[in-house]
Amino acid sequence: MEKFVVRGGAPLVGEVTVSGAKNAAVAILPATILAGGKCVIENLPNISDVATSVEILHAMGASIRMIDSATLEVDTSRIVVTDVPAEMSRQMRASYYFLGALLGRFGRGCVSMPGGCDLGTRPIDQHLKAFGSLGASYNVEYGMIRVSSSKLAAEHIFFDTVSVGATINAMLAAVMAEGITVLENVAKEPHIVDVANFLNTMGADVRGAGTDVIKIRGVREMHGCTYSIIPDQIEAGSYMAAATITRGNVLIRNVIPKHLEPITAKLEKAGATIEEFDDAVRVCCVGDIEPLNIKTMPHPGFPTDMQPLMAVLLSVAKGTSIITEGIWENRFRYVDELIRMGANIQVDGRVAVIEGVPELQPAPVRATDLRAGAALVVAALAANGVSEIEEISHIERGYEDLVGKLRGLGADIKRIDIPGERLRQAL
Ligand SMILES: CC(=O)N[C@H]1[C@@H](OP(=O)(O)OP(=O)(O)OC[C@H]2O[C@@H](n3ccc(=O)[nH]c3=O)[C@H](O)[C@@H]2O)O[C@H](CO)[C@@H](O)[C@@H]1O
Ligand SMILES: C=C(OP(=O)(O)O)C(=O)O
């Protein structure tokens, strides 16, 4: 087991470069299956969810070649296996995208119920509804989801709830279905647009991504391509929050400022000064943190994945803030850990009432999920003294080289292996 040890209390200062978006990468890698040929994917983040996706592709018969640390060539022409190994698909949420991609190319696919962050129930009924509407049959048995179809046909699908995963899975399954598929009430996140752009670069005809309605004209075949993944909105937002709470001054490079707007607006209200450039933002903060009310919503609303990071920031605001979680039924599990660090937060269902305290205290804490883990690291950077964050494998699912990037900003943080550290102390 590994942990981060952070000595906090100093402002973050300098420049940091954001990696490619996790939630786009984990959809684009399975989508290469639809090419049945070679794709070169650039700006891939070096995170464990990407490693798992690559391992799955490899296990299914794809050839993978590393071109550089952020670029892979994925050749899916020789894929024969359409069952994703269960132990691999359970390691991440996005393994469900293999279903859509396999169904689209081979008319069949099987994955185990996906893993990912524990945020309460994470149903996949809308994914199955989309597959069913396109003419596939499916069953869920012994934790395995199996889909199959002799011929997919276009359909008009109205989603009952706005779902990132179901929108992407429906696009993957429909790109080669005969006719024009219309998807309504879809998700509009930047990664939805990125996946649609990738599919179009492979020869698909997907229009309207980023709006409420996506139209897909089925094509007979697709082909390989070269594609660069968008920067990670949430990784960028995490550094923005860290710069603000530590009263730092950080230039965050490789971002699309437009994607950050909901985050920028809230951080400015909290007291940060944010300067936008073409592909960078500078965040600095000198004064008090002002309290805020935030409700998480589908894009272009405030992103739920930033919610724990904002809770940390608001725990040292001058007054009372309210955060309402509009997407997940149980995304406040980290609050107990934050309370160990001196925060004053009351949670009632999906609402957290945060009474700002003058400062956070260092403490040993445990990452309960990916963004909760990142939020605790940010809390530790703000707390004067040494904190330890355990269960960091959650964090490493989604943040490339968090330690290296934070050290580049002057943070005192290290990653240690707990048994190794005990041995060193014993000697
Ligand atoms: C790998 C990935 O991209 N993960 C992101 C994705 O998760 P994920 O794709 O799992 O999230 P969804 O957008 O599907 O879920 C949104 C809401 O819809 C509900 N729902 C979803 C599917 C379904 O079939 N039925 C249903 O009821 C969920 O319970 C939730 O309340 O979007 C979430 C919302 O922005 C983010 O927090 C996750 O970081
Ligand atoms: C919830 C998240 O990820 P996943 O859906 O992969 O669990 C996240 O990225 O914050």
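Every residue, even glycine, has its Cβ placed from backbone N, Cα and C.
Across the domain 'Enolpyruvate transferase' (6-406), the prediction's mean pLDDT works out to 97. What TrEMBL records for 6-406 is domain 'Enolpyruvate transferase'.
Residues or ranges marked as phosphoenolpyruvate binding site by TrEMBL: LYS22, ASN23. Annotation note: ASN23 (phosphoenolpyruvate binding site) sits in a helical segment as assigned by DSSP.
Around ASP125 (UDP-N-acetyl-alpha-D-glucosamine binding site), taking its Cβ as the centre, 12 other Cβ atoms fall within 10 Å, counting all chains. The UDP-N-acetyl-alpha-D-glucosamine binding site feature in TrEMBL is assigned to ARG93, ARG122, PRO123, ILE124, ASP125, GLN126, ASP305, ILE327.
Counting only same-chain residues at least 6 apart in sequence, those with a Cβ under 8 Å from the Cβ of CYS117 (active site, proton donor) are ARG93, ASP369, LEU370, ARG371, HIS394. In the three-state DSSP assignment, the secondary structure recorded for CYS117 (active site, proton donor) is coil. What TrEMBL lists as active site, proton donor is CYS117.
Residues annotated as 2-(S-cysteinyl)pyruvic acid O-phosphothioketal in TrEMBL: CYS117.
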Counting other C-beta atoms within 10 angstroms, the emptiest spot among the binding-site residues LYS22, ARG122 is ARG122
For PRO123 (UDP-N-acetyl-alpha-D-glucosamine binding site), list the number of other Cβ atoms lying within 10 Å of its Cβ atom.
11
DSSP, reduced to three states, assigns ILE124 (UDP-N-acetyl-alpha-D-glucosamine binding site) to coil
Length of the line joining the Cα atoms of LYS22 (phosphoenolpyruvate binding site) and ASP305 (UDP-N-acetyl-alpha-D-glucosamine binding site), in Å:
12
Among ARG93, ARG122, PRO123, ILE124, ASP125, GLN126, ASP305, ILE327, the record's UDP-N-acetyl-alpha-D-glucosamine binders - longest CA distance, Å:
22
Cα-Cα separation of GLN126 (UDP-N-acetyl-alpha-D-glucosamine binding site) and ASN23 (phosphoenolpyruvate binding site), in Å?
18
